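Record features, source Swiss-Prot:
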type	residues	note
BINDING	Asp183, Glu209, Glu235	Mg(2+) binding site
ACT_SITE	His185	active site, proton donor
SITE	Asp258	site 'Increases basicity of active site His'
ACT_SITE	His285	active site, proton acceptor
SITE	Glu310	site 'Transition state stabilizer'
Amino acid sequence: MKITHITTYRLPPRWMFLKIETDEGVVGWGEPVIESRARTVEAAVHEFADYLIGKDPARINDLWQVMYRAGFYRGGPIMMSAIAGIDQALWDIKGKVLNAPVWQLMGGLVRDKIKAYSWVGGDRPADVIDGIEKLRGIGFDTFKLNGCEEMGVIDNSRAVDAAVNTVAQIREAFGSEIEFGLDFHGRVSAPMAKVLIKELEPYRPLFIEEPVLAEQAEYYPRLAAQTHIPIAAGERMFSRFEFKRVLDAGGLAILQPDLSHAGGITECYKIAGMAEAYDVALAPHCPLGPIALAACLHIDFVSRNAVFQEQSMGIHYNKGAELLDFVKNKEDFSMDGGFFKPLTKPGLGVDIDEARVIELSKSAPDWRNPLWRHADGSVAEW
């Protein structure tokens, strides 16, 4: 079997799919994207195609190494996201050829189900509480919400009070009936993170995500030393070599590699194993589409340290398409009591509606994250 063609499709709301075709008619799907940089990743995918056309798709490890090492310059969000989507599609092909789901090819299940959590948007506490109530009605009891808006390097007590007030009202409304993580999106400086974490402790969030940027990862162990709240990060780390440094330094309780950013299934399975060796939990980052989610689930079901799975149903970014709009076998992604079950169809287990993909790719928007500025006009972290 040989790879004959690679096609990319930019899609709403902010996704990109790729299709790898073979001379025997077997097709694999992947999801390579950096949100707001889809065209750049798309160009990288087609550059990598030079290494792939005419090659045997079964040699996933060799093709991965060729893409990673053959160009001398390597790593980073663009190239690792391109590799990630290609890698997903290669595993999809392998599973279809062998008539087995990817988790079966990786040694089989370590669990029967994995808890899902849902994003909750809203700028005011009442909106967040209303969003949680609606999601509880369809079975969710675990959530993630933004921890704060933009925050200055040294900000005032009003900014701290606003962040804490939202969390306090949520805990008052629901008590211990729900769990929630707080995503700070790297918006907070190390000095302000210390203040916020101390103020949030009484409300027992499930985790705090990206309290500081990955570029300031040296602060993770320092922040962890002053709190009992688990600290999570990893969506902006792109290889096992980056994760190696933070695992060795300590501080993170939960790793969040993104299967569409960090080299795909092949790389993230290695990252999961590294995390287990350090007694660190795994919770793959996934505010993206169905192929990315499927890839995450296959890792979850073969990794003992996986604890819960992010998914994008109803997320505030989903304008123009929802999580399963491009999927024919929607029933396979249904949740029972807020848990996903293993995908059982061969390969990734996603039956893509190719006609719909082609149609909506003709008018896909170039999604950009907002540009935020502080009151003084300086650029803020989004």
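A Cβ is built for glycine as well, from the same backbone N, Cα and C atoms used for every other residue.
Recorded features from Swiss-Prot, shown on the structure.
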{"residue": "Asp183", "record": "Mg(2+) binding site", "contacts (Cβ under 8 Å, 6+ apart)": "Lys144, Leu145, Asn146, Gly147, Glu209, Glu210"}
{"residue": "His185", "record": "active site, proton donor", "contacts (Cβ under 8 Å, 6+ apart)": "Asn146, Gly147, Glu209, Glu210, Glu381, Trp382"}
{"residue": "Glu235", "record": "Mg(2+) binding site", "contacts (Cβ under 8 Å, 6+ apart)": "Glu210, Gln256, Pro257, Asp258, His261, His285"}
{"residue": "Glu310", "record": "site 'Transition state stabilizer'", "contacts (Cβ under 8 Å, 6+ apart)": "Ala116, Tyr117, Trp119, Lys144, Gln256, Ala283, Pro284, His285, Cys286, Pro287, Cys296"}
Most crowded position, judged by CB atoms within 10 A, among Glu209, Asp258 as recorded positions: Asp258
Three-state secondary structure, the residue listed as 'active site, proton acceptor' (per DSSP): strand
Neighbours of Asp183, Glu209, Glu235 excl. site residues, C-beta within 8 Å of centre, Mg(2+): Lys144, Gly181, Phe184, His185, Glu210, Ala232, Ala233, Gln256, His285
Cβ neighbour count (within 10 Å, all chains shown) around His285 (active site, proton acceptor): 26
